[in-house]
Structures are given as structure tokens and as C-alpha cells.
Amino acid sequence: MRLITVLFTALAMLLNFAVPVFGSPDKVPVPEISSEGAILIDITTGQTLFAKNPDHPYEPASTTKIMSALIALEKGNLNDLVTAGPSVLDQELTQGTRIYLEPGEQVTLENLLYALLLNSANDAAVAIAEHIGGDIQGFTDLMNAKAKEIGALNTSFKNPSGLSADGHLTTARDLAMIARFAYQNPVFRDYVKTKTKIIPRNRENIPTEMYNINEFIWTEPTVTGMKTGYTSSAGNTYVATAERDGRALLGVVLKSPSKTSIYTDMRKLFEYGFTNFENVVYKPKGTALSSLMVGDTPVNLILTDEIIHTREIGSTAPPDISLHVLPIASELKEIRKDQVLTSVEIVEEDRVLNSFALMADSSVIPPIPPQPPSKKSFNWAAPIILILLLFLYMVYRRVSYLRRHRSIERKITAGRYRDRDLF
């Protein structure tokens, strides 16, 4: 039934929009959208192409599950067998979309993530959270720590599902940063672009076939995934990614007035971004961005990769980004060619978009200082042994001499006695 609903809605959308997505090669005006908050960024460069109230706090609804899935992929193992606890029946935690887990039911983490990201199942979010974090609070602590690590400083998660809660807030800019980070994970990308998946379960008359409720996945070949959301207080929310002609864009719309408007607005954003902007090389690989002295020798710090920036097509204005070379921690005495020594940050309005390694363009190896001639200590062993041998030889000669002398004297004495006896 859900699949029929999705396909029917998708067909209605195709009939309602006469202009194909990302259609005209001519420039399009800055879009007017009905969502209260929105942002469009280039995924490669991280640069902002469009923004509407990008730093105003809004409820993310089920786009929260982007972060929940990211934590599960980083902290868990897809082959883990997750045992659902009693909390999967708690209406305050799981109201809304569910796959009707029962306490004690076991499902692999891999399959629960399909339920989380395709069906948007809140009970799957709870089961994952308790498996990874021990309890809901432990898991949300991991979510908030990751948000800060990514740079989403205006985001606070209170639960893993996105159900409305006091203080459960983000901004369009923060959510774009989180989604861009998740997009770098190829396993996550595979999940959010999946249309349908059957997950095995040991019970009857319960959902086993997961359908992706992101309607653009079914209708737009360039759209590569992400997540929708809705609560009565958050309104409709949507994060989406699209790729065309070697470029990738990411859009966020928050507090949109209807389910249809999130797609209308996202369509406008993608058409604007693909049609009006291009990516060009700003600094080629091997460009020297800084230098340092190693002893008396200057060494250039060069890029290990090219820096790309996004600009309006045909624009000759300097890019709205700055480069910040990080200092080297210690004074170096020796370096090797191609040794990575530091990095350069690409900054837009005090936000770090990317970071690239800088390496040495030459080697500096200090000469080995000459060693002073060593003062060898005299080895007394050989002379002592020689003297000892000489002494023993002299003793031996003396003893031999005395023996011969005594032998001769005995012979002489014996001869005298014989002569006396003759007379």
C-alpha cells in the first residue's frame, strides 16, 4: 500500500511540474521557496550557493535519523544482532512510523538501518540507540558529540528519531554539514539511494518490505538520496543530494508548509545550483602556499592535491573563501621531499569547509659532523701476557739449567768415588 501511495504521489508531482528538473542550460533566477529555512551547498567544495535563514533554529524531525545512522555505522557492526527492548513499545519514543518491533525480537543492525532510513521507523531508531549507546541518553550524547566534531555547533539532539522534544533543534547550515559528512560514507550512500529492501523477520503479519519514502529517489535519476521528515510542530523537512556532470549538490529545507512543497523547493534549489554554478581549479596540485626555514635552507610547502572552488558560471570575481595554513608544531632539523608537514584549511565565513595536506618540495639533510679522533685506551692485556710468558720461559730455562747442572755434579761425584775404590 505504501508503494502505491509513493508512486501515485510521484506521478502527481511529474504532472504538476512542466519544467524538467535541472532543465534549462540558461541561468535561472535566485529561487523563491516556501520553506522557512533552506540552504544549498556544493558537496565537493562545501561552499554555500543559496541560503534562507540558514542559522535560525528549527526542528529537524526525521532528518535527525541521518545522524542516528551515522553513529550506528561508526560505532556498530552491521552483522550485530540487535535485541529490541521494552522501549520499542513506548509511545512517547516511537509514535508515528514503526515496523512494530516486539521486546525480545532480534534483527541485524544492517536491516534495522534499512527500516530507519527507508521507512523512517521510530522503533528501529530506539532499538539501534539502545544497542549502540546503552540507552537513549547515551546514544544522544554520542550524536551531540559528533555534531560538535563536525562543526554543527547550533545543533542539539534529544532523541534518535526526531520526534518533537524541548531543545531538539538544528539549523539548515548545521544539517547540511552533518549530511555532507554522512555522504562521505559509501555505506550510508548505498542505504539512502536504495528504493526497497526486504528484511527477514520471524513473525507474521508485520512489515518486512522497506520502501524509501523519499519520492525523488523514485522519480529523479540525478537524486542520490537522503531523508524526509515531518512532525506537526516541525512541519515538513527534507535533505537531498543530487549528482550531474561530475558535480554533487546537497540541499536542506526546513519547516516547509506541505509534503509537496519540500519537493517543489528542492527542485528549484537543484536547478539553480546546477545551472548557475561551476567548479573550477583554484590552486593546482603542487602550488606552494607557504615556506619555512630548515636551518639555513628555505623549503616550500606545496599542495598534495588541487583545491577546487565553486563560482557562478562566467564570474571573474575572486572566490569567497580564504586559505589558512596551520602552523608546524616544532622546529625541524631535517625533512625529506614529499614529507607532509602541515595542512591548509579552506574557510568560508569562519567555517572550515575542507582541509588539504601540505608537503615539502625538497629534502634538507644536515651533514654529519666530523668525529674527533678517539683517544684509544692502551690495552695492557697483551704486554702483561707477553711478560708472563717470558717470565715462565725464563723460569723454565732456569729450572732446566739447574737440573742439568745437578746431573753433571752427580756424575762427577760418582766418578771420584769409583777412582778412590781402585786404590
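Cβ coordinates come from backbone N, Cα and C, glycine included.
Nobody curates TrEMBL annotations by hand; they come from automatic prediction.
Since we're looking at a predicted model, the values are computed, not measured.
What TrEMBL lists as domain 'Peptidase S11 D-alanyl-D-alanine carboxypeptidase A N-terminal' is 29-256.
Residues near Ser62 (active site, acyl-ester intermediate) in space but far in sequence (CB under 8 A, at least 6 apart, same chain), listed by position: Thr97, Ser120, Ser161, Gly162, Lys227, Thr228, Gly229, Tyr230, Thr237. Residues or ranges marked as active site, acyl-ester intermediate by TrEMBL: Ser62.
Residues or ranges marked as active site, proton acceptor in TrEMBL: Lys65. The secondary structure of Lys65 (active site, proton acceptor), as reduced to three states from DSSP, is helical.
In the three-state DSSP reading, Ser120 (active site) counts as coil. The active site feature in TrEMBL is assigned to Ser120.
There are 28 other Cβ atoms within 10 Å of the Cβ belonging to Lys227 (substrate binding site). Look at TrEMBL and you will find Lys227 tagged as substrate binding site.
Here TrEMBL flags 378-396 as transmembrane segment.
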Below 8 Å Cβ to Cβ and six or more residues apart, same chain only. Which residues does that give for Lys65 (active site, proton acceptor)? Leu116, Leu117, Ser120, Ala125, Pro160, Ser161, Gly162, Lys227, Gly229
